[in-house]
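Contents: one structure, followed by commentary.
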Amino acid sequence: MIVTYNWLKEFVDFEMSPDELAHRLTMAGLEVDSMDFIGEGLDSVVTARLVSVDKHPDADKLTVCQVDYGQDTVQVVCGATNHKAGDVVALATVGTVLPGDFKIKKSKIRGMESFGMLCSEKELGLAQDSDGIMILSPDCEPGQPVFEVLGLKDVRYELGLTPNRPDCLSVLGVAREVSAMCGRSLNVNLPPLSEGDESTRALTSVTIEDAEYCPRYAARLIRGVKVGPSPDWLVRKLESVGQRSVNNVVDVTNFILMELGHPLHAFDYQRLAEGRIVVKRAASKEQFTTLDSVSRSLEKSDLVICDGQGAVALAGVMGGENSEVVAETVDILLESAYFNPLAIRRTSKRLSLRSEASHRFERGADIAMVPVALDKAAALIVQVAGGVVCKGMIDEFPRPLAERKVTLAVQRVNEILGLKLGMDDIQAHLLSIGLEVQPVEEKDIDRLVVTIPSFRPDLERDIDLVEEVARLNGYDNIPVTMPAGRMLCHLPPQHLREVKRLRDVMVAAGFNETVNYSFVAPEAWDRLELSDDDPRREPVKILNPLTEDQSVMRTSLVPSLLECVTRNVAYQNSDLHLFELRPVFLTHTDDVLPIEKWRLCAVLCGRREQEGWRQNDEKVDFYDLKGVVEQILDSFNVAKVTWDGSSSENFLHPGKSCTLKQKKTVLGTLGEVHPKVLAAFDIDQPVYLLDLDFEQLLMAAGGHGGFSALSRFPQVARDSAFLVDEDIPFSEISEVLNRSTGKLVEDIVLFDVYRGKGIPEGKKSLAIRVRYRSDDRTLKDEEIQKAHDKIVKALIAKLGAEIR
């Protein structure tokens, strides 16, 4: 945001120097990024009268001018074409240093001596562009400093505003802050507005079809204007803040934008079909050509201003080429409105179309400024372009904003800031920036009820008001103190501690954590081959998605992790151990808010070990992933788990997957990803995946085990081999073994599985090793054999096992 010293003084009669003002603004939170002293060091640029203008004898595009600047008459060679004898111009005499460190020297141009330079506005730093040299009023006496004669000596401040301060995107907003700093009154100059006899409502109408996106829309009709160049004062004002002059009507709207901070738009009334305005959403794929002559494809989320036939402006962003004010325009319809910040930001971002108007609307304009800005603009247009303002303003206001009140306790202000401010001090600070304050004295507590004005959308809570008090009282006035109170160490919540524990287990197992967006494309579930009635196909939709590919909340971590595999494999990184531990979001029929559930998803693919001369090229398989799951279960002390040799998940291979259960509760699924799913993700190698319900895991977890000393007595092992039916999983065998063992059994390990020669069809041979140990004695062979026989009998009785 750019403001100038002189423009601020039109609103506040302050006495601060330019440097002091810059310091005070910065300390008030409006950081001054740069200062530019307009006209500084240019006192030697003086008014001069052209005595004669002759063609250069050796150059068709140059002229030789005799210039009278009061003290003397000098010869200057000039390349401009817009001057003649008798004109008063700006002469930079020899020795002058112009902006850009350009020093004027005596020179010889095509054989003709030149003692200075006739300057344009651009060369003097007064404009971004210019068509010729600067022609001044013929009444100016030669020899006077140009910047003094025109009153152009000024200081330009460029402010680095934070997004939460839209109120300071105007000269008025910054002046309000200056008024609060120096305790001077704020003077808002609103010129009188004269109206004609014709009624505005008889000639036009305004219809708002979407009050959510456009809570307020006002319009005035001005007839008989003459579009042309703006007067010098208006051009200078705009150029001082970096704006280019277009024509008198458009310049007035830009002037109001910069001074009051409210965007306006002028339509050519005669080019509006049926002479009326309709505010509504655009049609999908609707084509619209904006003022920059670019045809843009609109969406249903875009708000447009229409006439009786179609769109004439992209609301809050840019006008349309089909209704712009041109030299032939006679009647104009002037728009002043308030648009939903989110809607404007979404449209501006999607179309990559930024403007001064969208910059203000998307941060939050002042809805109360709508009629004020409109009336002042109408009065100025009549002043600079003529015409008559039709009687009455159309002001459609279907959705007034609710009044916002915040209660602030004096004690809370002082506790946070370490000050001893009284109620009157705090009240004075808040009143100085335009807030309404009502003191409320209660028993032992002084409070202020503060009504927040519409130009401060950033003030929502009492802590925001505390910040305002600190800012206005002066950060320099906050005393330096040592921290008060006790230093307390707060443990993180239990849930976060458990999350960290699981992360540590995965990292210790050699996995790398990934973090993906919680937003995915609606088509993500198709690639997982989910059934049509799967509840994960009903995701929570985002109201304002950044893109269509991130328009719904994810109901599973699987698509995101498989996309990580796809990207890594594409970069020749195919040996992967990845996991993600994050929430998913499921819809709930009885509640507006979705259900948030934490899940763990992990993938394995490629080589088991990193490449090296001592390592082999063995690939990971299902049992590598199963081992990781066993580490998780052991870390969380989850007991009595079964491995169901089937999975209902369509994204897993039906013959190479299983479901992890504790009794009837499903803890998760794991297995090889289905080939169809791998093909959908462009993955050409086997991938093993774990999808674990973290919350069910915590519910199944046992307490932390107590300390158990190692036995100092020897261990004895017994091996047994037996035949069982092929379809009996080891989890069922393990359950029988666990039930039949006594206190002497320390461990049971399956160390061999055999199918083939000598084994009947439909059978498999399993070999187990049982280790026995006592804590208080050396075991005798009779004790060990008795315990081992009990295990063998249980296998025969429960599973029909045949001992080999």
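Positions of Cβ are set from backbone N, Cα and C atoms, glycine also.
Here is what Swiss-Prot says about this protein:
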- 39-147: domain 'tRNA-binding' (DOMAIN)
- 401-480: domain 'B5' (DOMAIN)
- ASP458, ASP464, GLU467, GLU468: Mg(2+) binding site (BINDING)
- 711-804: domain 'FDX-ACB' (DOMAIN)
Per DSSP, what is the residue count of the domain 'B5' (401-480) in each of helix, strand and coil? 33 helix, 21 strand, 26 coil
For GLU468 (Mg(2+) binding site), list the number of other Cβ atoms lying within 10 Å of its Cβ atom. 24
What counts of helix, strand and coil residues does DSSP assign across the domain 'tRNA-binding' (39-147)? 2 helix, 48 strand, 59 coil
May I have the DSSP-based helix, strand and coil counts for the residues of the domain 'FDX-ACB' (711-804)? 30 helix, 32 strand, 32 coil
Can you name the residues of this chain that are 6 or more positions from ASP458 (Mg(2+) binding site) yet have a C-beta less than 8 Å from its C-beta? ASN164, ARG165, PRO166, ASP167, GLY364, ASP464
Across all the protein chains here, work out how many other Cβ atoms are within 10 Å of the Cβ of GLU467 (Mg(2+) binding site). 16
Given the Mg(2+) site ASP458, ASP464, GLU467, GLU468, its other Cβ neighbours within 8 Å of the Cβ centroid, in chain order, are ASN164, ARG456, LEU459, ILE463, LEU465, VAL466, ARG471
The number of other Cβ atoms within 10 Å of the Cβ of ASP464 (Mg(2+) binding site), counted over all protein chains shown, is 16
Averaged over the domain 'FDX-ACB' (711-804), what pLDDT does the prediction give? 87
